[in-house]
Amino acid sequence: MKDNFNRNIDYLRISIIDRCNLRCIYCMPEEGITNLLPHHEILSYEEILKIVEIGVDLGITKIRITGGEPLLRKGIVSFIERLARIEGIRDIGMTTNGVLLKKFAKDLYNAGLKRVNVSLDSLDENKFRAITRVGLIDDVFEGIDEAKNAGLQPVKVNVVVMKGINDDEIEKFALWSKKVEYQIRFIEFMPVGQNAWKKELFISKDEIKERIENKIGKLIPVQMKKSGPAEYFMLAGAKGFLGFISPMTTHICVRCNRLRLTADGKLRPCLFSDKEVDIKKILRSGASTEEIRETIIKTIHLKPQGMSEHTKPLRPMSTIGG
């Protein structure tokens with residue numbers, strides 16, 4: 001399915017829960033989400049599967065499960081198993097904070113999950129706690145190791161870089177890539193939802209790369225299959241790779257191929273926009289398959305061309321889906 005700018009839309013990111021067991025400073029307010037969705041307002045697994053099945057008929061081949069923290073939702077393993085049985089789905093990934101990953105990794109792999117992205121913004125225990133406001137970093141390290149051992153590969157580690165908060169660890173993360181077979185991805189700090197975005201916290205992809213090359217060594221470009229918005233490099237002799245995602249300084253919108261489905265049933269054409277379509281309302285009104293199909297097509301045609309059309313969304317990131 002093509003949007004109005006001839007981009008092929010084949011990727012659906014699904015937030016299955018608005019709750020999280022961390023309180024990351026760029027994702028949700030310090031007090032957490034005070035207006036958590038009641039159970040009946042959240043899409044059921046059956047409703048999600050129906051939307052996915054119709055989406056597959058329109059060309060969706062790739063699914064990513066997000067939250068909140070998706071591993072908090074009951075029945076997640078059996079849901080992944082049902083999702084993996086849908087003919088036409090070629091790839092299922094998950095974005096998680098990793099806290100519960102040790103417990104679930106093997107079962108998720110056996111159910112059909114292909115890979116995981118783990119959010120980890122510090123390698124230091126005290127700083128990790130300051131950024132997440134709660135949480136034990138050892139749980140995340142153990143979860144990452146268990147994911148790799150279970151076969152959920154490649155493991156991608158997402159690092160949101162914030163000046164004066166964790167930018168002093170850029171070199172530590174880069175050196176870590178020499179020892180581990182992970183894809184460590186530096187992400188520019190974005191103004192999304194009700195996060196604590198401040199211009200003075202922003203550090204660009206180019207500055208991050210420059211610091212690595214000045215202090216550690218040359219970044220060797222690497223071509224990755226299905227790399228999405230990330231640009232990949234490696235250090236000489238490294239086991240892992242370094243990725244850079246730069247939504248603020250690079251025109252990544254030109255190759256955007258995704259839609260987002262929120263936990264409360266809103267279909268969103270763009271992370272950086274408040275445009276959304278209430279597909280849950282249509283679904284629960286007894287709409288036909290064709291009506292749901294037309295709703296998905298309508299949402300695809302709402303996708304903006306690029307950043308110039310964006311307004312900062314009012315939802316916290318945890319309710320949109322990372």
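Using N, Cα and C of the backbone, Cβ positions are placed for all residues, glycine too.
The GTP binding site feature in Swiss-Prot is assigned to Arg13, Arg64, Thr95, Lys156, Arg258, Leu259, Arg260; the stated evidence is sequence analysis. DSSP assigns Arg64 (GTP binding site) to a strand in the three-state reduction.
What Swiss-Prot records for Cys20, Cys24, Cys27 is [4Fe-4S] cluster 1 binding site. Taking all protein chains in view, 27 other C-beta atoms sit within 10 angstroms of the C-beta of Cys27 ([4Fe-4S] cluster 1 binding site).
All chains included, 30 other C-beta atoms sit within 10 angstroms of the C-beta of Gly68 (S-adenosyl-L-methionine binding site). Residues or ranges marked as S-adenosyl-L-methionine binding site by Swiss-Prot on the basis of sequence analysis: Tyr26, Gly68, Ser119, Met190.
Residues or ranges marked as [4Fe-4S] cluster 2 binding site by Swiss-Prot: Cys253, Cys256, Cys270. Secondary structure at Cys253 ([4Fe-4S] cluster 2 binding site), as computed by DSSP, is helix.
Summarising the annotation, Swiss-Prot assigns domain 'Radical SAM core' to 4-229.
Within the model, the domain 'Radical SAM core' (4-229) carries an average pLDDT of 94. When Cβ atoms from all protein chains are considered, those within 10 Å of Lys156 (GTP binding site) total 20, not counting its own.
Within 10 Å of Cys270 ([4Fe-4S] cluster 2 binding site), counting CA to CA, the binding-site residues Cys20, Arg64, Gly68, Thr95, Lys156, Arg260 contribute Arg260. Ranking the binding-site residues Cys27, Cys253, Cys256 by Cα distance from Arg64 (GTP binding site) puts Cys256 first. The two recorded residues Cys20 ([4Fe-4S] cluster 1 binding site) and Arg258 (GTP binding site) have their Cα atoms spaced 23 Å from each other. Shown in sequence order, Arg7, Pro229, Cys270, Lys303 are the residues of the chain, 6+ apart in sequence, with a C-beta less than 8 angstroms from the C-beta of Cys256 ([4Fe-4S] cluster 2 binding site). Ranking the binding-site residues Cys20, Met190 by other CB atoms within 10 A of the CB puts Met190 at the bottom.
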